[in-house]
Amino acid sequence: MSSKPEQKESHQANGAVLPIVPVDCLTSPDRGQLVEPSEFLGPDGDGVEVVVLESRANAKGVREEDALLENGSQSNESDDTSTDRGPEPASPLKETSFSIGLQVLFPFLLAGFGTVAAGMVLDIVQHWDVFKYVTEVFILVPALLGLKGNLEMTLASRLSTAANIGQMDTPKELWRMITGNMALIQVQATVVGFLASIAAVIFGWIPDGHFSIDHAVLLCASSVATAFIASLVLGMIMIGVIIGSRKMGINPDNVATPIAASLGDLITLALLSGISWGLYKELESKAYVNPLVCAFFIALLPIWIIIAKKNAATREVLYSGWEPVIIAMAISSVGGLILDRTVSDPNFAGMAVFTPVINGVGGNLVAVQASRISTYLHMSGMPGESSETAPRKCPSPCSTFFSSDVNSRSARVLFLLVVPGHLVFLYTISSMQGGHTTLTLIFIVFYMTAALLQVLILLYIADWMVHWMWGRDLDPDNFSIPYLTALGDLIGTGLLALSFHILWLIGDRDSDVGD
């Protein structure tokens, strides 16, 4: 390529020095067509060869920006389009009620059967010595099962949004998102597991006034080890699900969060039961094992913090994402206190097997809705930006469930899944002879009422909370789901305990506790 030495304005791309020519200069305003090469002349009338390059990064940025503008209904039809653009990311918003229900149904049932399995496990392990003599372990159950809402579902929502807006299209971006987010959830899991054990010790000490240092260390070791291992396994599963969903053309928002819960409850509860049982066995002969386990996992914290800090996508969450997971853990622990006080009461036989089911189903459905609303808002701008899609006042129930908005449509679909889903799960529990409870008609009515009321409240709160956080410059992917799933644990456990208490008062429940 040739040019005059006097030509000063130039830039370097791919090793070639090129004259800077604005793209607008290539079009003649009076003719509306490309300017002929002869019209570009050097100072002495010599022709100057012009090469217009569009960098790969700029092309990708244009594609992502156009995808955001199109889905946020903010695109300008008069804008020029580039013929070099690749296919835009598929919008998860152009969906019918049928397509939403079809995509959600299988992961929802899979997640539900996971909670049923977790309930059956809890129904068995509640009779183990560690659960009998260290009853504070029951307080850990909702808090650690809630980690899938605090961490895995938040991770799934965060990665789903990133995938939908084109931030995981290249291998380099994908690897950066994976390493940063996996390190982040290990930090959060270790800290939340440690704090959950402290909450369990406090909530167990307040009613009885009894404190045992050995039991406190046992709770700490069991909680931290369970949280760490469960988050590691589930995080890897989540990444695989989201990558697979994008390749299959499925919206990750519809499948990632339910699948996060499908194995989440079962894996977490099995780990908690096995680890606490093993550490309890070593409590008398090898008392040093429990503090050693605590020290080992806490010593790994600096490594995960360093990795998470190097990633711009997770650095902000590392600094500012603690409030929701800690408050959510505290809320779930209150639900655990209710479980601890009711599971050993013969009048509440069956609470152990049904609690993970009602809490898991409610948390799964509201997590799907929160993830969808968050993606919808991300496609219209950034958190804190004024947008017609982010109302500042509390929405009415009619706008949440009966409007023509795409999020209202998905709320109706998710709500309609509650009754058939729970009927399938109740039948499964009954056929496996779990819960020591006969499924009478009045029991099913009370149970369904509690489940419907729980999901109704959660979906409404999700509609308000996600928009409220968005308007206050908070990313709903990081902040909303922990609160919503923790509220699901508390509301579900409270309503279920109330239903069992009413059934006991009217004497309609057949209990086979002695069997």
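Yeah, the Cβs are placed from backbone N, Cα and C, and that goes for glycine too.
Bear in mind that TrEMBL entries carry predicted annotations, made automatically and left uncurated.
TrEMBL lists transmembrane segment for one of the ranges 129-149, 255-275, namely 255-275. If you count C-beta pairs under 8 angstroms between the transmembrane segment (441-461) and each of 104-124, 182-204, 319-339, 411-429, 481-506, the highest count goes to 481-506.
With a cut-off of 8 Å on Cβ pairs spaced 6 or more residues apart, the transmembrane segment (411-429) and the transmembrane segment (104-124) reach 3 or more such pairs and are scored as touching.
If you look at the transmembrane segment (319-339), the same-chain residues 6 or more away from its ends with a CB under 8 A from one of its CBs are 138-143, 145-146, 149-151, 154, 184, 188, 191-192, 195-196, 199-200, 203, 351-352, 355, 359, 478-480, 482-483, 485-487, 489-490, 492-494, 497. Sequence-remote contacts of a segment are chain residues at least 6 beyond its ends whose Cβ falls under 8 Å from one of its Cβ atoms, and for the transmembrane segment (287-307) they are 179-180, 183-184, 186-187, 190-191, 194, 214, 217-218, 220-221, 224-225, 228, 279, 318. Listed as Cβ neighbours of the transmembrane segment (481-506) (distance under 8 Å, sequence separation of 6 or more from its ends, same chain) are residues 142, 145-146, 148-150, 153-154, 157, 257, 324-325, 327-329, 331-332, 334-335, 338-339, 342, 347-348, 350-351, 354-355, 358-359, 362-363, 366-367, 370-371, 442-443, 446-447, 449-451, 453-454, 457-458, 461-462, 465. Residues 135-137, 139-140, 143-144, 147, 150-152, 155, 210-211, 215-216, 219-220, 222-228, 230-232, 235-236, 239, 294, 297-298, 300-301, 303-305, 307-308, 311, 314, 317-318, 321-322, 325-326, 329-330, 333-334, 336-337, 340 of the same chain lie 6 or more positions beyond the ends of the transmembrane segment (182-204) yet place their CB under 8 Å from a CB of it.
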